[in-house]
Amino acid sequence: MGYRMLAFLAILVLGSQALASDPSPLQDFCVAIKDTESPAVFVNGKFCKNPNYTTADDFFFSGLDKPGNTSNPVGSKVTPVNVMQLPGLNTLGISLVRIDYAPYGLNPPHTHPRATEVLVVLEGRLYVGFVTSNPDNRLFTKVLNKGDVFVFPQGLTHFQFNVGHTNAVAFAGLSSQNPGTITIANAVFGPKPPIKDDVLAKAFQVDKKVIDYLQAQYWMDNN
């Protein structure tokens, strides 16, 4: 009975791991469309284009050779290529981004609730890191140079900071067609309607005036 219970628990664990990211497709592709009036199948949150009308352009995106505009308060710009920009990614469980950093530009602490991220530096020098979950909250950091690769586990808070005097560029692959992004400062201090300041004052153990000041700031979305 003990072995059977262990086997059952193992199946549950493996099953939960299998569902931790986008489900595997059951067909060659399912190009996402917005038109719900035409004959279509609803898969992974998107309606699928009739395969008979699919073209190569459904799997094509152009423009990642162009730098993003980093003239903003955080000094970085993320250019995503997920299912919203490239419909052919639907059901394929993968996407990517280009990230441009001005000198000392920051991709602020954020999480991807549905994806692990692997980042490669094309130009420049980045200080990167992520923080593990409670209770340890352990910080893992590394300074990356051109050609270096770093991975950020799914759901963990992470960041990149350009520590060089010149622009930096990185590309990242993500294990979801729509990984989502939760920027910590924006989510805590910039939601609409705002979180009550007495809640945040107690959470951060500071005076409510500090929270009021932070909530009054403009929280930049660099995506």
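For all residues, glycine too, the Cβ spot is worked out from N, Cα and C.
Record features, source TrEMBL:
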type     : residues                       : note
SIGNAL   : 1-20                           : signal peptide
DISULFID : Cys30-Cys48                    : disulfide bond
DOMAIN   : 62-212                         : domain 'Cupin type-1'
BINDING  : Asn107, His112, Glu117         : oxalate binding site
BINDING  : His110, His112, Glu117, His158 : Mn(2+) binding site
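Ranked by Cβ neighbours within 10 A across all protein chains shown, the disulfide-bonded residues Cys30, Cys48 are led by Cys30.
Apart from the site residues Asn107, His112, Glu117, the chain places the Cβ of Val97, His110, Thr111, Ala115, Leu119, Phe152, His158, Ala172, Leu174, Pro179, Thr181 no farther than 8 Å from the centroid of the site's Cβ atoms, the recorded oxalate location. Taking the Cβ of His112 (oxalate binding site) as reference, residues of its chain lying under 8 Å away and at least six apart in sequence are, in sequence order, Phe152, Gln154, Gly155, Leu174, Ser176, Pro179, Gly180, Thr181, Ile182. Between the CA atoms of Cys30 (disulfide bond) and Glu117 (oxalate binding site) there is a gap of 23 Å. His158 (Mn(2+) binding site) sits 10 Å from Glu117 (oxalate binding site), taking the Cα positions as reference. All protein chains considered, the CB of His158 (Mn(2+) binding site) has 22 other CB atoms within 10 Å. Taking CA atoms as the reference points, Asn107 (oxalate binding site) and Cys48 (disulfide bond) are 33 Å apart. The average pLDDT computed for the domain 'Cupin type-1' (62-212) is 97. What surrounds the Mn(2+) site, by Cβ distance within 8 Å of the Cβ centroid and not counting His110, His112, Glu117, His158, is the set Thr111, Ala115, Phe130, Phe152, Leu156, Thr157, Pro179, Thr181 from the same chain. The Cβ neighbour count for Glu117 (oxalate binding site), using a 10 Å radius and every protein chain shown, is 23. Comparing the binding-site residues Asn107, His110 by how many other C-beta atoms lie within 10 angstroms of each C-beta, the top residue is Asn107. Glu117 (oxalate binding site) sits 12 Å from His110 (Mn(2+) binding site), taking the Cα positions as reference.
Spacing of Cys48 (disulfide bond) relative to His110 (Mn(2+) binding site) is 31 Å (Cα to Cα, whole number).
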